[in-house]
Amino acid sequence: MLCYILSWCEAILQDSVVDSMEAAIDRLSYSTNFLNFSVQRSLIMLEELPTPVEEHVDDQRYHFMSLLLNLANTFLYMINTYIVVPTADDYSMSLGAAATVCGIVIGAMAVAQVFSSVYFSAWSNRSYFRPLVFSSIVLFVGNVMYALAYDLKSIPILLIGRIFCGLGSARAVNRRYISDCVPLRIRMQASAGFVSASALGMACGPALAGLLQTNFKIYKLTFNQDTLPGWVMAFAWLIYLIWLWISFREPAQENDEVNNVPQKSNAAAENDALERGVVQPLLLKSVGDEQDNEGDQEGDGSEEAQEESRRPANSIVEAYRLLTPSVKACGAPFLLVLLRIILTNDHYCNSLMQVQLLIYFMLKYAMEVLLSESSVVTTYYFSWSTSTVAIFLACLGLTVLPVNILVGSYISNIFEDRQILLASEIMVCLGILLSFQVIIPYSVPQYVCSGLLMFVSAEVLEGVNLSLLSRVMSSRLSRGTYNGGLLSTEAGTIARVIADVTITLAGYLGQSKLLNVTLLPSLLICITSIFATCRTYNSLY
C-alpha cells in the first residue's frame, strides 16, 4: 500500500514537472516563431553562424544607443509619413486645389523615397552617422516647408516640403545598421524591433494628427490642424538630431576591426591543426572522388564560383536579376514572365519570386488606396471630421502588431504558409469587393468592415509573402548596398506612388466616382495574383 502511494505521488510530481517543461517549451516556441516571422518580414536576412573573429568584429561595431537611435529614426519617419493623411485633403482645398490632390501630396514623399533609398544605402557603406544627420536635417527642412505653405498660399511649397521629407528617408540605413553592425545573437530581436517601430509609427501618425485640432496664430504663422503636423514633426526631428549628435557612435570599418583582432596563440593554432588532422581522414574519400571527377582548373573555377556566390550585388540590375533569376533565363520582361506563368504550365520560367513580387505590389497598392483616399471618401459619403478619420486610421494601424503576433506565434504553427497566403489573398479580394459602392447607399458599417477586412488580410499577406520570399532569396542579397531590404522598400514604394497618382487622376472624374475607379485596379491585380498563386501553389513551401 505504501509503495502504491509513493509511486502515485511520484507520478503526480513527474506529471507536474513535465507539464511545466512543456509549457515553457510552448512559450519559447511561440516567442521564437514571432521573432522569426518578424525577421522574415523585415527582410533583414540572418546569415550562417559567425566565426569567432567575425563575432568579435560584430561586438566591436555594436552600440546599443546607436541601435536605439536607428529604431527611433524608423518610428519617427513612419509617423511623418502618415501624420498628414487625415488632413491632406483639407490642406489642399485651403490652398485652392481639389481635395483629390491629396494623392499627390501624400505620394510626393514616396516618389522621393524611391531615389533616397538607393543613395542612403550606398552612403551607409562608408558611414552610418552622416546619413542619419543628413536625413534629420532634410526632414526638419521639409516639415518646416510643409507648414509654411499654408501662410504662403503655395501648393508648390507644400509639394517640395513633402519631397524633402521623402529625400530624408533613412530606412535603408536603419536596415543596414541592423544587418551589418548588430551581433547575430541579438539580430533577430533587433529586426523584430524594426518591424514593431514601423507598426507603432504607422498607428501613432494619424492618432497624433487627430490630437492637433486647434487654431491660433503667432505673429504671421498659422498653427492649425493642417500646419501643426509639419511644426510638430520639425520639432521632433530637431530633438532627434541633438540626441543623435550626442549619443551616436560611428561603427569602425570592418577591415579596421579585423586588423585589430588579436592573433591566435600558438596553442590555439596547434589545436586547430590537430582538429583539421582528425577530420581530414574522414574527408579523404570524398576529396579523392572529386579529384577523379574534376580537373584542377575546374576546382579553381569552383572556388571562384563559391567566392562569387558570397559577393554582394554591385548594382540594382544585378540585384534584380538575383531576385528574379528566371527572368534572365527566359530572356523576357517581368510582366511577360508573369503572363506566361498564369497562362501556361512552363516550369522553366515558373519562378515563385515573380508571383511573390506581384502579390507584394498588389497588397501595397490596395493598402495605399485605402489609407490615402480615406479622408476624401469619408468626408464625401459620411461627412466625417478630421478627428474621426484619424481615429479610424489609428485603429487600423494598431492591428498590425497583434496580427503579426497571432500569425507568427499561432496560425503559422497550424497551417502551411502557402495556405495562409492563398486564404489571405482571397480575403483581400473579398474586402475590395465589399468596398465598392453599388446600388444601395454607401454606409459606415460597410466602409469600416470592408476596410478592416482588407487591411488586416493585407497585413497577414505581407508577412507570409515576405517570409516565403526570404527563403528563396539569394544569400548575396543579405548584405551590401543593393540588399533584399532595399529591393522590398523600392517595390513597395513604387506601388504606393502608382496608387497615389491613381487617386489624383481619378479625382478628375469627380468624387462620386473616386471610390469605384480607384478600387477597380486593386481588384484586377488581386484576381491576377490569386490566379498566379494557384498556378504555382504546388511549388510554394
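The backbone N, Cα and C atoms fix where each Cβ goes, and this holds for glycine too.
All annotation found in TrEMBL is predicted automatically rather than curated by experts.
As recorded in TrEMBL:
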type: TRANSMEM; residues: 67-85; note: transmembrane segment
type: TRANSMEM; residues: 97-120; note: transmembrane segment
type: TRANSMEM; residues: 132-149; note: transmembrane segment
type: TRANSMEM; residues: 155-173; note: transmembrane segment
type: TRANSMEM; residues: 194-216; note: transmembrane segment
type: TRANSMEM; residues: 228-246; note: transmembrane segment
type: REGION; residues: 289-312; note: region 'Disordered'
type: COMPBIAS; residues: 289-306; note: compositional bias 'Acidic residues'
type: TRANSMEM; residues: 357-382; note: transmembrane segment
type: TRANSMEM; residues: 388-408; note: transmembrane segment
type: TRANSMEM; residues: 420-440; note: transmembrane segment
type: TRANSMEM; residues: 452-469; note: transmembrane segment
type: TRANSMEM; residues: 514-532; note: transmembrane segment
Open item on the list: Within the same chain, where does the transmembrane segment (452-469) have neighbours whose Cβ lies under 8 angstroms from its own Cβ atoms, ignoring anything closer than 6 residues to its ends? I mean 6 or more beyond.
Closed with: 37, 40-43, 352-353, 356-357, 359-360, 363-364, 366-367, 370, 396, 399-400, 403-404, 407-408, 411-412, 417-418, 420-421, 424-425, 427-428, 430-432, 434-435, 484, 488, 540-541
Task: Long-range environment of the transmembrane segment (357-382) - Cβ separation under 8 angstroms, sequence gap at least 6 - done: 82, 85-90, 99-100, 102-103, 106-107, 323-324, 334, 338, 388-389, 392-393, 396, 421, 425, 428, 432, 435, 437, 442, 444, 447, 451, 454-455, 458, 461-462, 465-466, 469, 488, 491-492, 494-496, 498-500, 502-503, 507, 511-512, 514-515, 518-519, 521-522, 525-526, 528-529, 532-533
Open item on the list: Tell me if the transmembrane segment (194-216) touches the transmembrane segment (228-246). I count contact as 3 or more CB pairs below 8 A, with pairs 6 or more residues apart.
Closed with: yes
Task: For the transmembrane segment (132-149), distant same-chain residues with Cβ under 8 A (at least six beyond the ends) - done: 69-70, 73, 77, 80, 84, 95, 120, 155, 157-158, 160-170, 173, 221, 227-231, 233-234, 237-238, 240-241, 244-245, 248
TODO: Go through 67-85, 97-120, 514-532 and flag the stretch with the largest number of C-beta pairs under 8 Å relative to the transmembrane segment (194-216).
DONE: 67-85
TODO: May I ask for the residues of the chain that lie six or more residues beyond the transmembrane segment (420-440) and have a Cβ under 8 Å from a Cβ within it?
DONE: 359, 362-363, 366, 370, 381, 407, 411-412, 446-447, 449-451, 453-455, 457-458, 460-461, 464-465, 468, 515-516, 519, 522-523, 526-527, 529-530, 533-534, 537, 540
